[in-house]
Amino acid sequence: MGTPRKLFIKTYGCQMNVYDSERMAEAMGGQGYVTTDSPDDADMILLNTCHIREKAAEKVYSELGRFRGLKAANPDLKIGVAGCVAQAEGEEIMRRQPLVDLVVGPQSYHRLPELERQARAGGRALDTDYPEEDKFDHLAARPKARRGPTAFLTVQEGCDKFCAFCVVPYTRGAEVSRPVDRVVTEARDLVERGVREITLLGQNVNAYHGAKDGAEWGLARLIRTLARIDGLDRIRFTTSHPNDMEDDLIAAHGDCPKLMPYLHLPVQSGSDAVLKRMNRSHTAESYLRLIERIRAARPDIVISGDFIVGFPEETAADFEATMDLVRAVEYGQCYSFKYSPRPGTPAAERPQVPEDEKDARLQRLQALLRDQQRAVQDRMVGREVGVLFEKPGRSPGQMVGKSDHLHSVFVAAEGLRPGDMRRVRITSSAANSLEGALI
Ligand code: SAH
Ligand code: SF4
Ligand code: F3S
């Protein structure tokens, strides 16, 4: 074989796309590709896209336009679009952007090598099927190369919840869980390659119901099983839906030491009227009760969430209810967005909140969330936490890693290496990180 071809992948959107990009790179590895950090010397460029908000989707077209020069300079360059925009607008992409050689959806990327061959043979290729076969059964075994201390592992895909604002049920399809044994095998394999922390991923990860010997296992049972893997020190999971927080999963936060004290549990709004129109099937009150039960199981858990402001017909009073809920919860981390109408979703047809009103609400919400995040972080000062070190810090001799509660922690100490897990006393809190000293 000659010199390997180079693959440049740019990933947008959620962690599930990060995981998929890794798997796509591995699949193309079997075709003789190595990855590169720059599009300039690539033989293939793959955009792994996100459709969740209008801005995310638009980026794809502007990014593609920028590759025109590269393609003119190198006619052998192949350009592909993967991910949720590919799924939602594959044919339109092909029509609007002749630069694109192939389009592949999130459920069919095991066919990427074949599509690339078609494109190399001079055709254009599109595959946005929801195939009968499971892509994970058709992807090559994961390579044995050493890897960093943290990894994502997708255990569940798709969503059946149909929140009125959201494209995910359309771009990712129905809820499917990977079988327990496959997940355990992949986790063991990651640990053998140096991984010490695994984040289990799913669009609705706590709706996991994987098959095991003819039975169905929930997420808590899966976590307890993974916790028995020697060398795996930390388990996290994301993203969860409030309606799927089963009792045993709450209990696991109290009695499974490897399950980290951090939970991303989006609520979207604090107004019951808005929640109803969002088709969330929970109320602000039921969410608050749930948070209480989780905190009873694990008092120091850091709660994280997502909010949408300016959902169609959201009134000033609805928004105040969101502010009240945020005050009641106290978030350690939070993501908040202006509502973005998405084609094909029911909420896009409803009367919209004016843009300047959305802006004003978002600013107020984000100011409150920033204060809360800082307060939660500041309260870590003086505490002892576990830190898994990942990479060098800002100054010589310093390393940075994540605490159990997912704060970034900087520590200056001789001989620390990526993958080391140490007890650390937190000494100070800055804008977005903590500093500490080894105990
Ligand atoms: N499955 C996860 C998250 C999916 S998308 C869940 O159910 O929580 C991540 C976040 O993007 C959502 O939680 C929501 O806050 C936001 N989001 C989704 N659709 C959106 C839209 N149309 N406009 C603005 N934000 C949106
Ligand atoms: Fe989207 Fe709602 Fe499903 Fe989350 S639960 S992916 S917000 S439809
Ligand atoms: Fe975006 Fe698709 Fe993830 S729309 S958030 S990449 S599931």
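Even glycines carry a Cβ here, placed using N, Cα and C.
Annotated features, as they stand in TrEMBL:
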BINDING   Cys14, Cys50, Cys84  [4Fe-4S] cluster 1 binding site
BINDING   Cys159, Cys163, Cys166  [4Fe-4S] cluster 2 binding site
DOMAIN    5-121  domain 'MTTase N-terminal'
DOMAIN    145-375  domain 'Radical SAM core'
DOMAIN    378-439  domain 'TRAM'
Around Cys159 ([4Fe-4S] cluster 2 binding site), which residues of its chain at least 6 apart sit with Cβ under 8 Å of its Cβ?
Cys166, Val168, Pro169, Arg172, Ala174, Glu175, Gln203, Asn204
DSSP-derived helix, strand and coil totals, residue by residue, for the domain 'MTTase N-terminal' (5-121):
63 helix, 24 strand, 30 coil
Is any of Cys50, Cys163, Cys166 (binding-site residues) within Cβ reach of ligand 3, i.e. under 6 A, and which?
Cys50
Between Cys14 ([4Fe-4S] cluster 1 binding site) and Cys163 ([4Fe-4S] cluster 2 binding site), what C-alpha distance do you get in Å?
17
Work out how many Å separate Cys50 ([4Fe-4S] cluster 1 binding site) and Cys163 ([4Fe-4S] cluster 2 binding site) at their Cα atoms, rounded off.
17
Around the [4Fe-4S] cluster 1 site (Cys14, Cys50, Cys84), what further same-chain residues have their C-beta within 8 angstroms of the site's C-beta centre?
Tyr12, Gly13, Met16, Asn17, Thr49, His51, Ile52, Ala56, Gly83, Val168, Thr171
By DSSP, what is the split of the domain 'TRAM' (378-439) into helix, strand and coil residues?
1 helix, 34 strand, 27 coil
Do me a favour and check the Cα-Cα span between Cys84 ([4Fe-4S] cluster 1 binding site) and Cys163 ([4Fe-4S] cluster 2 binding site); whole Å is fine.
17
The one of Cys14, Cys163 whose CB sees the fewest other CB atoms within 10 Å, among these binding-site residues:
Cys14
Give the subset of the binding-site residues Cys50, Cys84, Cys166 lying near ligand 1, defined as CB under 6 A from any of its atoms.
Cys166
Apart from Cys159, Cys163, Cys166, which residues in this chain have a Cβ no more than 8 Å from the mean position of the Cβ atoms of those residues at the [4Fe-4S] cluster 2 site?
Lys161, Phe162, Phe165, Val167, Val168, Pro169, Gln203
Given Cys14, Cys50, Cys84, Cys159, Cys163, Cys166 as the binding-site residues, which ones have a Cβ positioned under 6 Å from some atom of ligand 2?
Cys159, Cys163, Cys166
